Amino acid sequence: MRLTQMPSEFQKALPVLEKIKEAGFEAYFVGGSVRDALLHSPIHDVDIATSSYPEETKQIFPRTADIGIEHGTVLVLDGDEEYEVTTFRTEDVYVDYRRPSAVSFVRSLEEDLKRRDFTVNAFALDETGEIVDLFHGLEDLEKQVLRAVGVASERFNEDALRIMRGFRFQASLGFALEPETFKAMKTLTPLLEKISVERTFVEFDKLLLAPFWRRGLASMIESQAYDYLPDMASSQDKLNRLFDLETDFTFESSEQAWAALLWALEIENAQSFLKSWKTSRQFAKQVQDLLIILALRENGELSKRDCYRFDIDLLLQAENLRQAQGKEVNPQAITEKYQSLTIHDKKDIQINGGILIKEYGYQPGPDLGEILTEIEFAIVDGELENNREAIHAYLREKK
């Protein structure tokens, strides 16, 4: 099969392929970018595979960088563009179900492609637009099926993260898992405990943010993979609560998706749960803020102080999630209340601790902090104008 129209992302990278070919080596576009081109989906990363070894690749191009040369990858700088060019390779026995004990460079495209996870990710595309399909990936693409390359159990034993990737690809593509592939995934889910939490988080996060997240999550639940994820053992019934969200609902952000997950799981200690997933402090704080906003909304409308406390984006994401839960919402009222605030941060106040110390004799300490907080909330509540004259008058009354 030949692509009738080469996507612009590939056209930009064609000079790289052509230079490698001119040097006497093979070179192809490979991986998910080829699949996305066939599906007419946006292309994000253009990856190139070649029969040239890393040192040979570096001799072909004047500007390169070593970003993973031990795995055969050289970063080629072509004008303003950067391309990862990786040597065809085979992999030895995998250690800890995560990484190969050794990587061997080869000259064979077939040897390289047969180590990949799913047939729809095992395409190669040459400079003429010809598709190399050694594992019937085109047929699977047509049938919308996710099938492991070769023997499924071998692929998942090599890298157990591929189990989560399978659920994630199902969520992003909307494809069905081929029965033997899914059977192997279900059998080998205990291996997920061998995978670093950080890698698992990335795949689970992508699953939740994907357009067909319900399909991926349903397969994950059916496989009982959740039993081997941090703080999620025996959580099937609670995970199913996510399916109570509106049928066509998709998450706006990772923070919103994980807030929904914690809501479904009825997690009491969000901080502990997110720590077990090794998320960043900033991410954990925003997820917890969303949960707080949801709890506040359960008790009625948000106050001015509530709107001041949280970023408008989080306030609206919480309202969006409430709508998906089938609850009454009023994003316009929240937006208007937020916009009516005369300050949105302490830094907006027309006075500071230094002025209070210099002009009013306050000393650094709790009393200073208390009066600043009092001024802050008086402004937020609309009881005090945010200008020096009004604040000075307020302070004189306090004295």
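Placed from the backbone N, Cα and C atoms, the Cβ positions cover glycine too.
Of the listed candidates (R107, R116, R214), Swiss-Prot assigns R116 to the same ATP site as G32, R35, D159, R162, R165, R168. In the three-state DSSP scheme, R116 (CTP binding site) falls into the coil class. According to its DSSP assignment, R165 (CTP binding site) is helical.
Largest Cα-Cα distance over the residues recorded as binding ATP, namely G32, R35, R116, D159, R162, R165, R168, equals 21 Å.
D47 (Mg(2+) binding site) falls within a strand segment according to DSSP. In the three-state DSSP scheme, D159 (CTP binding site) falls into the coil class. When other Cβ atoms within 10 Å of the Cβ of R162 (CTP binding site) are tallied across all protein chains shown, the result is 26. Distance from the CA of D47 (Mg(2+) binding site) to the CA of R162 (CTP binding site) is 19 Å.
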